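Quick look at what TrEMBL lists:
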TRANSMEM  12-41  transmembrane segment
DOMAIN    23-285  domain 'NADH:quinone oxidoreductase/Mrp antiporter transmembrane'
TRANSMEM  61-83  transmembrane segment
TRANSMEM  95-114  transmembrane segment
TRANSMEM  145-167  transmembrane segment
TRANSMEM  174-191  transmembrane segment
TRANSMEM  197-215  transmembrane segment
TRANSMEM  235-257  transmembrane segment
TRANSMEM  269-290  transmembrane segment
DOMAIN    286-338  domain 'NADH dehydrogenase subunit 2 C-terminal'
TRANSMEM  316-340  transmembrane segment
Amino acid sequence: MKKISNNIFLMMLIFGTLVTISSNSWLGAWMGLEINLLSFIPLMNDNKKNLLTSESSLKYFLTQAFASSILLFAIIMLMFFYNNNMNLYNSFNELLILSTLLLKSGAAPFHFWFPEVMEGLSWINGLILMTWQKIAPLMLISYNFIYKFFMITIILSMLIGSLGGLNQTSIRKLMAFSSINHLGWMLLAMMNNEMLWMIYFLLYSLLSFSIVLMFNNFKLFYFNQIFNMSMMNPIVKLFIFLNLLSLGGLPPFLGFLPKWLVIQNLVTMNQLFILTISVCLTLITLYFYLRLSYSIFMLNYQKNSWLLKNNFNNKLSFTSLIFNFISISGLVMMSMIYVVM
């Protein structure tokens with residue numbers, strides 16, 4: 001029974017996003033966002049025994065409901081001024097709508113709820129929050145563009161996403177700050193090219209799915225769990241290491257491709273200042289991925305010679321292997337296809 005209800009809520013979640021994307025009015029888009037929100041709350045509460053899950057779902061609901069009420073207020077104001085042929089507060093309305101959408105997507109400086117909510121979720125729900133739940137707000141943000149405000153949001157998202165992950169011991173919070181940083185890159189891609197942010201989002205979703213699948217498979221939530229996995233297969237550790245580097249955007253992995261496309265676009269548009277800041281701040285995210293990976297392999301690596309039987313399953317599933325292969329060697333394969341063609 002629980003599985004059937006979860007499937008229904010998941011379908012409604014997808015339906016809500018599709019309503020927002022395909023809507024031709026702000027009111028229709030708001031309605032889609034509400035359907036999406038009310039479908040995700042029951043999915044978050046799948047584990048009744050975990051108090052953090054209930055806390056996270058409450059925080060998520062309050063934040064999203066607050067954003068939705070302000071969005072509805074801004075839409076009503078927009079309609080009122082438009083019907084009365086008044087251009088007054090037009091820019092204020094646009095700013096209000098953009099702020100609420102950034103709050104819904106978890107971009108800085110409206111990111112405060114995102115790491116806290118992520119901390120209480122299971123990995124699968126966390127993946128939905130990092131990927132699918134961003135589609136509708138980002139699509140609406142691309143319709144409502146304010147250049148100066150966008151620049152501030154992009155720099156703050158990259159800065160907070162980079163510095164916030166430095167002192168974390170929780171992998172879920174690390175992934176949340178990483179998501180904020182990637183969101184900054186998506187907004188940067190959105191500034192000049194409508195298609196570019198979609199490509200970035202698709203590749204980011206693929207990389208997130210690949211690494212979250214591994215974390216979920218081995219029930220990893222904190223750094224010390226990775227350090228103490230003395231019985232873990234070294235190949236599994238290598239895959240986690242390479243996936244983290246790919247998510248950080250290090251060449252020659254697939255994670256470098258979307259950043260490469262954005263950098264190329266910014267060079268073409270001669271926006272070198274924002275490009276320099278973005279690359280420098282992303283290096284910090286790469287640093288904490290490297291720090292984690294280096295610790296796993298060099299500083300805290302143990303292997304017992306007297307216990308041959310594993311206490312847990314340390315094999316990768318076939319799906320996980322496929323996604324790992326795409327994440328690690330995707331860019332090389334695409335480059336080879338491009339050269340041949």
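Positions of Cβ are set from backbone N, Cα and C atoms, glycine also.
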Among 61-83, 174-191, 197-215, 235-257, 269-290, stretch most in contact with the transmembrane segment (316-340) (C-beta, under 8 angstroms): 235-257
Tertiary contacts of the transmembrane segment (235-257), as residues 6+ beyond its ends and Cβ separation under 8 Å: 178, 203, 206-208, 210-211, 214, 218, 226, 229, 282, 285-286, 289-290, 292-293, 296-297, 314, 316, 324, 326-332, 334
Overall pLDDT for the domain 'NADH dehydrogenase subunit 2 C-terminal' (286-338), taken as the rounded mean: 70
